[in-house]
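S.K.: This structure is in structure tokens; I'll ask about it shortly.
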Amino acid sequence: MLISELLQTPLGIFFVGLFSLMVGSFLNVVIYRVPVMMDREEKQYAWQVFHGEDSVCPEIPKQRFNLLVPASRCPHCGHRIRAIENIPVISWLFLKGKCSGCGAAISARYLLVELLTAALSVIVAFHYHDPLSLGFALVFTWTLIALCFIDAEHQLLPDRLTLPLLWLGILAALFNVFINLESSVIGAMIGYLSLWSVYWLFKLITGREGMGYGDFKLLACLCAWQGAWMLPIILFSAAILGMIYALGIGLRMGKPMPFGPFLAIAGWLTFLYGAQIGQLFGYFPA
């Protein structure tokens, strides 16, 4: 009860935002390292197929590389990032977006992820005051942020993020946090099969692939958290966001944008404002 009351005060919201800044810093590690880890695993697997299970690909560095080790370094000069240089937001601004070792530019994405994580977490904290609901909702939000940026940069929606998010949604439903267990499981199934069907229909007609399997899994995750009845709203919202991007930024850049980020954004908006969006589209009665 005391925690619930604290979460409704400005001080509680402030602490959520402050903690989320640190989470945003970790999400930057996830966004950078998970694709590298996947690439190394694929190279090692391909090498073992041709050279035996006990062989080691010489292109892969021998040093351990995961989300915890080694310590963060500048990708340009290898300068080790000191603790004082790793303070969320402040360090990037103090260093003026440059490495203290070589002066190379540090991507503004690091600053954006930290600020975005804090901002979205504060919004979530305004919606959910119950500690259990808030905890689940924050993890949902943080995972979508990581997936959004990874897919935008690498056209990847890693199983090591989508599958835990799917099971976490089902776990939340087991305790009736957002929806019940039956709705969660059915939602996951329908969410996956809907895009899977579109994928194969498009491929049969055109002979080309219109999206990746990661999109199926991401939509399954979103529906596991919200139920199958939110599927039309999520897809329609994602399509609108994609069209806005294509007509605006996409045409100028001449670069295709994966569907995952639009699904993630639409899924998060629907998670918090699904009823309002549904009324706007006439899906739910006002």
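Every residue number used here counts from 1 along the chain in the order it is shown.
Each residue, glycine too, has its Cβ placed from N, Cα and C.
Okay, so Swiss-Prot annotates it like this:
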- Cys74, Cys77, Cys99, Cys102: Zn(2+) binding site (BINDING)
- 11-31: transmembrane segment (TRANSMEM)
- 106-126: transmembrane segment (TRANSMEM)
- 132-152: transmembrane segment (TRANSMEM)
- 161-181: transmembrane segment (TRANSMEM)
- 185-205: transmembrane segment (TRANSMEM)
- 231-251: transmembrane segment (TRANSMEM)
- 257-277: transmembrane segment (TRANSMEM)
S.K.: Taking the transmembrane segment (161-181) as the first stretch and the transmembrane segment (257-277) as the second, find out whether 3 or more Cβ pairs fall under 8 Å, excluding pairs closer than 6 in sequence.
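M.R.: Answer no, regions not in contact.
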S.K.: Taking only same-chain residues 6+ apart in sequence, whose CB is under 8 Å from that of Cys74 (Zn(2+) binding site), what do you get?
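M.R.: In sequence order, the residues whose Cβ lies under 8 Å from that of Cys74 (Zn(2+) binding site) (at least 6 apart) are Ile81, Cys99, Gly101, Cys102, Ala104, Ile106.
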S.K.: Which residues, given as numbers and ranges, are at least 6 beyond the ends of the transmembrane segment (185-205) yet have a Cβ under 8 Å from it?
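M.R.: Contacts of the transmembrane segment (185-205) (Cβ under 8 Å, skipping residues fewer than 6 from its ends): 166, 169-170, 173, 179, 211, 213, 215-217, 219-228, 230-231, 235.
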S.K.: In the same chain, which residues outside the set Cys74, Cys77, Cys99, Cys102 have their CB within 8 A of the centroid of the CB atoms that define the Zn(2+) site?
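M.R.: The answer, listed by sequence position, is Pro75, His76, Gly78, His79, Ser100, Gly101, Gly103, Ala104.
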S.K.: Could you tell me which of these binding-site residues, Cys77, Cys99, Cys102, has the greatest number of Cβ atoms within 10 Å of its own Cβ?
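M.R.: Per the Cβ count within 10 Å, the most buried is Cys99.
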